[in-house]
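So the structure is just underneath, and the comments pick up after that.
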Amino acid sequence: MAFPSPSTPLYEKMSLKKDAKRAVEIFILFLLVSLLGYRLAHLKDHGLEWQVALACESWFAFVWVLVISTKWSPVSYKTYPQRILQRVTELPPVDIFVTTADPQLEPPIITVNTVLSLMAVNYPAHKLACYVSDDGCSPLTFYSLVEAAKFAKLWVPFCKKYDIQLRAPSRYFAGNAAALSGEDCSSEFQQARDTMRDEYEKLSRKIEDASQGSVPSDFTGELAAFAKAERGDHPSIIKIILENKEGRPDELPHLIYISREKRPKHPHHYKAGAMNVLTRVSGLMTNAPFMLNVDCDMHANNPQIVLHALCLLLGAKHERDCAFVQCPQIFYDALKDDPFGNQMVVLFEYLGRGIVGIQGPLYGGTGCFHRRKVIYGSWPDDVKTENSSLTSKGESTKEKSLNGFGSSKQLINSAAYAPRGNSDHPKDLASSLEAAIHVSSCTYEYNTDWGEEIGWMYGSATEDVLTGLAIHTKGWRTLYCSPNPPAFLGCAPSGGPTSMTQQKRWATGLLEILVSKKSPIYGTLFMQLHFRQCLAYLWILTWALRSIPEFLYALLAAHCIIINSHFLPKGQEPAILIPAAIFIIYNLYCLSEYLMTGLSMRAWWNNQRMQRITSACAWSFGVLSVVLKLLGLSETVFEVTKKDQSASSDGTGTELGRFTFDESPIFVPGTALLLVHLTAIVAMLLGLRPQASGNNGSGLGEVVCTVWVVLCFWPFFRGLFGKGKYGIPSTTIVKGAILAIAVVCLSRFTSTS
Ligand SMILES: O=c1ccn([C@@H]2O[C@H](COP(=O)(O)OP(=O)(O)O[C@H]3O[C@H](CO)[C@@H](O)[C@H](O)[C@H]3O)[C@@H](O)[C@H]2O)c(=O)[nH]1
Ligand SMILES: [Mn+2]
C-alpha cells in the first residue's frame with residue numbers, strides 16, 4: 001500500500017498572518033498598560049468602580065502577556081514518505097478505539113457509521129482492529145454493531161473496489177452532487193451502488209426498529225449477557241463480533257465490543273476509564289504499537305488518514321519528535337455562520353497551528369494517533385526509560401512495574417513488547433477473552449499506576465488535555481495532521497443547553513488541571529515541559545477563571561449608569577482614545593482572523609457574542625464546580641453532549657441557529673446580567689437616577705458599553721419573550737430578576753454609603 005504522495009504538503013506556512021498578529025497583540029498590550037497607568041493616576045478621585053475596572057483590566061493585561069509571550073509560532077512540515085520507505089518494510093498494526101456512552105444521547109446509528117468508516121479505510125485489514133467501548137452497556141448498541149458487521153461485509157469491498165471517498169454510509173448516501181461527481185458512471189457501478197443503498201436502508205431500519213423497543217427485548221443468544229445488566233451495575237461484557245482469522249489483507253478488520261464492568265461505589269472515571277480498559281484489552285488481543293482513538297460521532301472522512309498519520313509517526317527523525325499525531329476537530333453539516341460559536345475553526349487555524357511550532361498540538365481527545373509505549377508511560381530518551389516502568393529491551397525490570405500494570409500476567413507480558421514497537425500477541429482473539437474480562441473489571445486498577453502514570457490520566461473532566469500535558473511534560477513533542485479532505489468529521493453540538501454543558505465541562509476540566517499536582521507550572525519548573533508550551537497551556541487552563549473579571553467588567557457599565565457615575569474617561573477627554581482604541585482594534589483584529597480564514601462577518605459576530613455568553617454562563621459554573629470539588633462538597637462529572645445525526649434532520653426547529661434554553665441554572669447569570677443592563681437603560685431614559693456630583697456622571701463610554709452587552713446577550717433578550725424551547729423558563733427569569741435586584745440595590749447602597 002503506497003503512502004500518500006509528498007506533493008501534497010500537510011502543512012503550509014503562515015508567517016505573514018503571524019507577524020501581523022504579533023504586531024497587533026503587542027499594540028493592544030501597550031494600550032492596556034496605558035489604561036492601567038491612567039487608572040492608577042486618577043484612582044484617588046474615584047470610587048469602587050475604578051478599583052473594579054483596574055482589577056479587571058490588570059487581569060486582561062495578564063492574559064495578553066500570556067498570549068504574546070507564548071508567541072504562537074506556525075511551522076511548516078514536509079511529509080516523510082521517502083524516509084519511511086527506507087526504514088519500514090512492513091506496515092505496522094493499528095488498534096482503533098471508539099467510545100460511546102449513552103444510546104439516547106449518542107444514537108447507535110452514528111456510532112455504526114463511525115465504525116464502518118474506520119473499518120473501510122485504506123489499510124491492510126488484517127493490521128487493523130476496531131474496539132468499541134460502550135459505557136451505556138446497551139443491548140441496542142451491541143445489536144447495531146452486529147448488524148453493521150454484516151453490512152460491512154458488503155460495504156468495505158464496495159468502497160475499496162470503487163475507491164469511494166466518503167466511507168461513512170449515511171454521509172455517502174446523503175452526499176450532494178458535487179461529492180459524487182467524480183464517480184464512475186458505468187452501469188455496473190450504479191447497480192452496485194443501488195444495492196448498497198438498499199442494504200444500508202435495511203440496516204438503518206433494523207436499528208431504528210430496535211430502538212423503538214422491538215428487538216433487544218428478547219434477551220436470547222448473543223444478547224443474553226445483557227439480560228440482567230443495568231447501566232451502572234453489570235459485569236464486563238466483551239464480544240468478538242468479527243475476527244479476521246486468516247489474517248487476510250482484503251477481508252475485514254477485527255471488531256470487538258467492550259462494556260467494562262461497572263458497580264455502584266466503584267469510580268469508573270468516565271471516558272478516561274473507558275480508554276484505559278480499551279488500552280488493556282487491546283494490549284491482550286492485538287497489542288498494536290499505534291492506537292487511533294475517536295469519539296463515536298467522528299467518522300473517518302479521508303480514507304488515506306491512517307497512512308497520513310503513519311507518515312508522521314514513522315517518518316519523524318527521532319521518535320521523541322512525535323509522541324502522537326493530532327488531527328483537528330472539524331464538523332459536518334455545520335450550521336451556517338456558527339450560531340453557537342463552537343465550530344472552533346479560527347481557534348484551530350491560529351491557536352492550533354501556532355502551538356505546533358512550540359512543542360506540538362495538545363491532545364484533543366478524538367482524531368488522535370498515539371504510540372502505545374507513550375501511553376504506557378515511556379520517556380523520550382532511553383536513559384530516562386530506566387526510571388520508568390520498562391526498559392528499552394522490553395523487559396520489566398523493577399517490582400514497581402509489575403504492580404504498575406496490575407495483576408494480569410498476560411498484560412505485563414504484552415506490555416513488555418511496547419517499547420520496541422513490537423506486537424506479539426496470541427493468534428486468535430478468543431484465547432485472550434478470559435484475561436480481557438479480568439483487566440476490564442472495576443477493581444483491576446486498584447493499587448496500580450493506571451490513570452496516574454500509565455494510560456489516560458484521571459482527575460479532570462478534560463482527560464484529553466491532562467493526558468497530553470503529561471506526555472509533553474516528559475519532553476515528547478507532538479505533531480498536527482490536517483490533510484485535505486479533512487481526516488475526521490464530527491457533530492458540533494447545537495442549541496443553548498448542549499453548548500453550555502460542553503463548555504462548562506471544558507472549563508471545569510481545564511481548571512481542575514491548573515490546580516492539580518500535574519499543573520504545567522510544575523512541569524516546566526521540575527520536568528521537561530517547554531516554557532512557552534507551559535504558557536500556551538496556562539492560556540487555555542485559565543478559561544474558567546477569566547469568567548470572574550469578565551462578569552464584573554460586564555456589570556460595570558450598568559452599575560455606573562445606575563448610580564450616575566463613570567469608569568471610562570469622558571467623551572471630551574483625550575484619554576477616552578485609549579479604551580476606544582483597544583475596543584476597536586481588538587474587534588477589527590478578531591474580525592480579520594475570521595475573514596482571512598474565509599469565514600463571514602456574521603460568523604465573527606456570532607463567535608464573539610457566544611464567547612461573552614459562554615464566559616458568563618458556562619465558565620462561571622466551571623469555577624463553581626471546581627471550588628465545590630476543592631472544598632470536598634461534590635465531585636465533577638462528565639456530562640455527555642447530545643449528538644444529532646444531522647442538524648437539519650431535527651425537524652422541529654424551524655429556526656436552527658436560534659438559541660434555545662432549558663431549566664438549567666446555567667442560564668441564570670446571563671439572564672441576571674441582561675436584566676441589570678435593561679434596568680440601567682430604563683433608569684437612564686426615565687431619569688430615575690441620583691444627581692451626579694459635578695462632572696462625574698456617566699457618559700457616552702458607559703452607554704456604549706451597556707448597548708454592547710445587550711447586543712451580545714441578544715439571544716437572551718429574545719429568550720425573555722420566546723416560546724417553548726426558545727424562551728427562558730419563567731423560574732430562570734425569576735431567579736435572574738432576584739439577582740438583578742440584589743445587584744441594583746447593592747449599587748445604590750455602595751454609592752450612598
Ligand atoms: O463516561 C463516559 C463519558 C463519555 N464517553 C465518551 O467520550 C466521548 C466524548 O464525549 P462528548 O460528550 O462527545 O464530549 P465532547 O465535549 O464533544 O468531547 C470533547 O471533549 C472531551 C473532554 O471533555 C474529550 O474527551 C473528547 O474527545 C472531545 O471531543 C464520547 O465518545 C463519549 O461516548 C465515555 O466513553 N464514557
Ligand atoms: Mn463530541
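Any Cβ shown, glycine's included, is placed from N, Cα and C.
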Scan 533-552, 613-632 against TrEMBL and say which stretch is down as transmembrane segment.
613-632
Average model confidence [pLDDT] within the coiled coil (186-213):
89
Using a 10 Å cut-off, grab the number of neighbouring Cβ atoms around the Cβ of GLU106 (UDP-alpha-D-glucose binding site), all chains included.
26
Have a look at the recorded positions LYS271, ASP295, ASP464 and say which one has the shortest Cα distance to GLU106 (UDP-alpha-D-glucose binding site).
ASP295
Rank 47-68, 574-592, 613-632, 700-721, 733-751 by Cβ pairs under 8 Å to the transmembrane segment (23-41) and hand me the top one.
47-68
Close in space, distant in sequence - ASP295 (Mn(2+) binding site), Cβ under 8 Å, 6 or more apart:
VAL98, THR99, GLY365, THR366, GLY490
Should anything in the same chain at least six residues away from the transmembrane segment (47-68) have a Cβ under 8 Å from its Cβ atoms, list it; otherwise answer none.
22, 25-26, 28-29, 32-33, 35-36, 39-40, 535, 538-539, 542, 546, 549-550, 552-553, 556, 559-560, 565-567, 750-751
Whole-number Å value for how far ASP135 (UDP-alpha-D-glucose binding site) lies from LYS271 (Mn(2+) binding site) (Cα to Cα):
8
Which recorded positions from the list GLU106, ASP135, ASP295, ASP464 come close to ligand 2, meaning a Cβ under 6 Å from one of its atoms?
ASP295
Measure from the Cβ of ASP464 (active site) and count the other Cβ atoms within 10 Å, all protein chains considered.
24
